[in-house]
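Copied over from TrEMBL:
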- 2-67: domain 'hAT-like transposase RNase-H fold' (DOMAIN)
- 110-201: domain 'HAT C-terminal dimerisation' (DOMAIN)
């Protein structure tokens, strides 16, 4: 049992050592966890991993700079402003506006401002049981796109990346593999025709005892 435990721990450490940046970025861009959760996870692994969060943030900041550069090259939108008469201000009022504008001006980036905001509660104590609260992270970035215009665009791109360990052909398993290593270049329209025709001819009944069997090579003839 001790040997099995050591093997599992070695695999666990290997997984965290070879972390996926996209997964780490996704956690940081979730306002319920941000960088604090990444630091928490690596602190559990020991002192040798304490530098990992900084390396992740360095890469995230590099990615954000790319989005800022792209935003600066995008054509600006033409906005029609209604003409309004100029009204001179007295010295006291002008001083008030000047001081407040200077106080509200921040040199921090959108990413730094986002990380400085408090975390959104992820759990609630319901009848004495910690319960995960419903939350739509993409909706959050849509709602905050005007506060973080560049960061929200980056967040939506990162969080929209489909992440799965299941092979793509497994999604189309109908007893045998329609998508196989011999059919990796099949067009989407052809694939739809094959799936539909197979349903017409044989239905979607699957062989439960051999669900993950390899594609048997049977050709499905399309009908007009």
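Placement of Cβ uses the backbone N, Cα and C atoms for every residue, glycine included.
When DSSP labels each residue, the domain 'hAT-like transposase RNase-H fold' (2-67) comes out as 53 helix, 0 strand, 13 coil, counted as helix, strand and coil in that order.
Model confidence over the domain 'HAT C-terminal dimerisation' (110-201) is summarised by a mean pLDDT of 80.
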